[in-house]
């Protein structure tokens, strides 16, 4: 600890000699004698903590955070060593893109529950990658309880959001089980209590010399929760609306990423933005073009199957989730008259009518968003990584980086789909209404029942009550 007391100097002397500094160094005994007035002029330098943290925040983290973009698995290195580095990376990205696509198709085949579990696993990994960067930035791994607190907040957040899904979509079945009935009724109060426990835990863990670092990482944790947990909650809700609302947007982002990379790799010449020099206008436009075509084709294909278009509901008779339903108007074929300029281009001047599903029209807007706005999710992540001088969020996927490197655009797309469904598509859910009805006192339920009975009788229906 180096303690110095500064003595004001003559401004004229400083002007003549800018390097002049008048200081009186004090030893350990003199420090005790400093009064409160003189203490205002004392500078305290702690090289072991403050300077180290300051240097860590501005240092290069590329050696701390592993990079997967240029990572070549050992079993491939033997065969690819003859290729230039640029082509090595191209082949590796292609192989692992194919493997991830096959894995995605396999999870879709397993059904909605497998997709939800996979979403949860991806969310946890993304959260871990973001939090690890926060720890590396401040270079502090001995903050009391902070790792435990970060994961505690993740668990508490997931309890709240997944519990909301349980209440919305499984409320009827849950209300028939005594332990679950209590959890459903007081779900939000329990969730709030869990958060308050974490909040109090954090306050009690504060250490005087780490205040700034602890509050910075506390904010870092909440930003990570906002980016990761909230978006994964939207993904789960999109799955419940029907697998097609999940598969089509996710596939569009994948195709846009792949096609933009391929077009930019072979013919890209014009840089798109300084933030990411490897991205080109050719790749941006080419990726958007192929995304629109692919989106319309895959939407038309999936609309043929009830498995993809039906909402995911809990079947009480089967005791499991089901995708059987009566098709919505969105998934029934309709005739659409094309504008004259389009009918001429498509050589349909005498039959300017196209027969397709209304969902395909909506998927066109999804394609536009994923190709025009979607890449900005990746650019945001690129800016984040450049701010901390790292290339990737991790090295989990060779040729690509971390899980977050592949899902930066997906989270933005999931939010758009959720907002789009809520604004233009979704009608009130009977299951959700019924679960809310069960929470009312019996006398209120009877009032609603009588009002509903009278309304149905006015419409010409006769209501019989089986006793």
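Here the Cβ of each residue, glycine as well, is placed from N, Cα and C on the backbone.
Copied over from TrEMBL:
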REGION    1-21  region 'Disordered'
REGION    41-66  region 'Disordered'
COMPBIAS  41-50  compositional bias 'Acidic residues'
TRANSMEM  90-110  transmembrane segment
TRANSMEM  145-162  transmembrane segment
TRANSMEM  186-205  transmembrane segment
TRANSMEM  217-236  transmembrane segment
TRANSMEM  242-263  transmembrane segment
TRANSMEM  284-302  transmembrane segment
TRANSMEM  359-381  transmembrane segment
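Within its own chain, the transmembrane segment (217-236) is flanked in space by residues 116, 119-120, 122-123, 126-127, 130-131, 134-135, 138, 143, 146, 149-150, 153-154, 157-158, 161-162, 164-165, 202, 246, 410-412, 414-415, 417-418, which lie at least six positions past its ends and keep a Cβ under 8 Å from the stretch. The transmembrane segment (90-110) is in contact with the transmembrane segment (242-263), judged by 3+ CB-CB distances under 8 Å for residue pairs 6 or more apart in sequence. If one looks beyond the transmembrane segment (145-162) by at least 6 residues along the same chain, the residues whose Cβ comes under 8 Å of a Cβ in the stretch are 120, 123-124, 127, 131, 135, 187-188, 190-191, 194-195, 197-198, 201-202, 205, 214, 217-218, 221-222, 225, 229-230, 232-233, 236.
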